[in-house]
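For reference, the structure is listed below as structure tokens.
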Amino acid sequence: MSDAWLVVGLGNPGAEYERTRHNVGQMVLDELASRTRGSFKRHRTGARTAEVRLGVAPGGAPGPRVVLAAPTSYMNVSGGPVAGLAKYFDVDVEHLVVVHDELDVPFGSVRLKRGGGEGGHNGLRSISKSLGDKDYARVRVGIGRPPGRQDPADFVLKEFSSTEKKDMPFLVMDAADAVEELVIKGFEAAQQKFHAPA
């Protein structure tokens, strides 16, 4: 197995989905690419990828090699491209991080999880099925629950509210920080940092 990490940002293709809640995972990837001056290229596995060094390792050495990947398929069928990327780059599930929107985390919060259920998230369900394994890390970017009786399926495909948009840069930066912490210092250290009370 390679020592590289595969960081996948979930979302839907097309300009009409670009700024929706469901695409927050890809917004985080764009932030990580911006930090590292990475540029995305089309990859034969059905994704846009950028190979970067993320952060600085202890001692000042360049951080770990990371493949940032945004599947170009619709989210609900993202498992095929993710499994293809893991195989192509020879990345074990221990080095796979999926960044996604999370209804069950309040807007503005970031939580980390390894393995377990998908919580009704069809993108995660597709990935788990295609990999035959659920034990990958997830960076759960909180979008909160829809107000009133709004259907969650409609809610995730809408843009953030004007109030939320003001806080989006901070949420995206926090989630990108969580990814960096995870790949440099490990899952437990990142989880402790991002789950600590403010």
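Backbone N, Cα and C define each Cβ position, glycine as well.
Since this is a predicted model, take the numbers as computed values, not measurements.
The feature active site, proton acceptor is assigned by Swiss-Prot to H22, with sequence analysis given as support. Annotation comment: Swiss-Prot describes Y17, Y74, N76, N122 as tRNA binding site, evidence class sequence analysis. The site 'Discriminates between blocked and unblocked aminoacyl-tRNA' annotation in Swiss-Prot covers N12. The feature site 'Stabilizes the basic form of H active site to accept a proton' is assigned by Swiss-Prot to D101, with sequence analysis given as support.
Everything Swiss-Prot records as a feature, shown here on the structure.
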residue : record                                                               : Cβ contacts under 8 Å, 6 or more apart
N12     : site 'Discriminates between blocked and unblocked aminoacyl-tRNA'    : T20, H22, N23, Y74, M75, L157
Y17     : tRNA binding site                                                    : G11, N23, L157
N76     : tRNA binding site                                                    : N122, G123, S126
D101    : site 'Stabilizes the basic form of H active site to accept a proton' : L10, R21, H22, N23, V24, G25, H121, V141, I143, V156
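Taking the mean position of the Cβ atoms of Y17, Y74, N76, N122 as the tRNA site, the remaining residues of that chain whose Cβ falls within 8 Å of it are N12, H22, S73, M75, V77, S78, G123. DSSP assigns D101 (site 'Stabilizes the basic form of H active site to accept a proton') to a strand. Over all protein chains present, the Cβ of N122 (tRNA binding site) has 16 other Cβ atoms lying within 10 Å. Counted over all residue pairs in Y17, Y74, N76, N122, the record's binders of tRNA, the longest Cα to Cα distance measures 16 angstrom.
The most densely surrounded of the recorded positions H22, Y74 is H22 (count of other Cβ atoms within 10 A of its Cβ).
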